[in-house]
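This report refers to the structure that appears directly beneath it.
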Amino acid sequence: MTEQLLVFVEELAFVSALRNSTFMYPLVNAGHILGISMLIGGIVPLDLRLLGLWRNYPVMVFVDVLRVTSAVGLGLAILFGALLFATAAVDYVGSPLFQAKISLVLLGVLNALILGRTFKRMDIQSLPMRARMPLALRAGAALSLGVWISVLILGRFLGYF
Amino acid sequence: MLQLRFTCLLCFAVFAAFLATSAVHAHHGWAWASDEEFEITGVIQSVRLGNPHGRVTITVDGEEWVVEVGQPWRNDRVGLTKEMLSPGREITVHGHRAAEEDMRKVKAERVVIDGKDYNLYPGRDS
């Protein structure tokens, strides 16, 4: 059943065209990398600020700007990633690396949603400028750093194994 | 002062990137393959062409080998089609095998089907 659905996806006209294309595939690949670079480029400085770096700058500047940057990046990575996935759906679903990567993406998104709620609940905006962040936020930031960098590494390994 | 330090850092990064790319340039996508020329003949079992590169599974003395052929434009350029790589046909592959002994995988530079040469990498010795 699942197998049939995956084969159906692979055989869709636009997916076949992408698989056999000269320029579209590398362009979609570039779109996926653009998404990843925005995601990692946003999340790393945000997490580091929460962990205590750059305390001379207001934490909300990091939160407001970088959360949007990384969320848009994640959206692009998922959109273009889904297209890349479709060209070899059966192989990807059967790959332990891919399964691990997607599980970590889900964990990362869940963690980000929880962090977002924690920001509000702990009223981070009204903390003094150089204040150390509450433990829950620091733990979440450390987890976020680890998870997203692991996702990137697993994704790169997928191309080689 | 800070401005100057940033410029230095940037120059260093660009220089490092340049060195890194020139070092790996010769082996892009070939990192897993041995440097030695390799040749193998077998019977095609299955084929899957497309990005990022095509894969042809062949049987050699009862063992399965995976042959990596080109990306679509490279196969098209020499006229290597799915029909020519249909199951049951004999194929000779010239290229580089995986450096790992127990990994039965070959990166094809040139393949021979029905006595006809299909040279995927005309710039390389094969």
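Just so it is clear, glycine is given a Cβ too, placed from its N, Cα and C backbone atoms.
Copied from TrEMBL, the annotated features are:
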type     : residues  : note
TRANSMEM : A:23-44   : transmembrane segment
TRANSMEM : A:65-90   : transmembrane segment
TRANSMEM : A:96-115  : transmembrane segment
TRANSMEM : A:135-158 : transmembrane segment
Selected stretch (most C-beta pairs under 8 A with the transmembrane segment (A:135-158)) from A:23-44, A:65-90, A:96-115:
A:96-115
Other parts of the chain folded back onto the transmembrane segment (A:96-115), taken as Cβ under 8 Å at six or more residues beyond its ends
74, 137, 140-141, 143-144, 147-148, 150-151, 154-155, 157-158, 161
Spatial neighbours of the transmembrane segment (A:23-44) far in sequence, C-beta under 8 Å, 6+ residues away:
17, 65-81, 83-84, 87, 144-145, 148-149, 152, 155
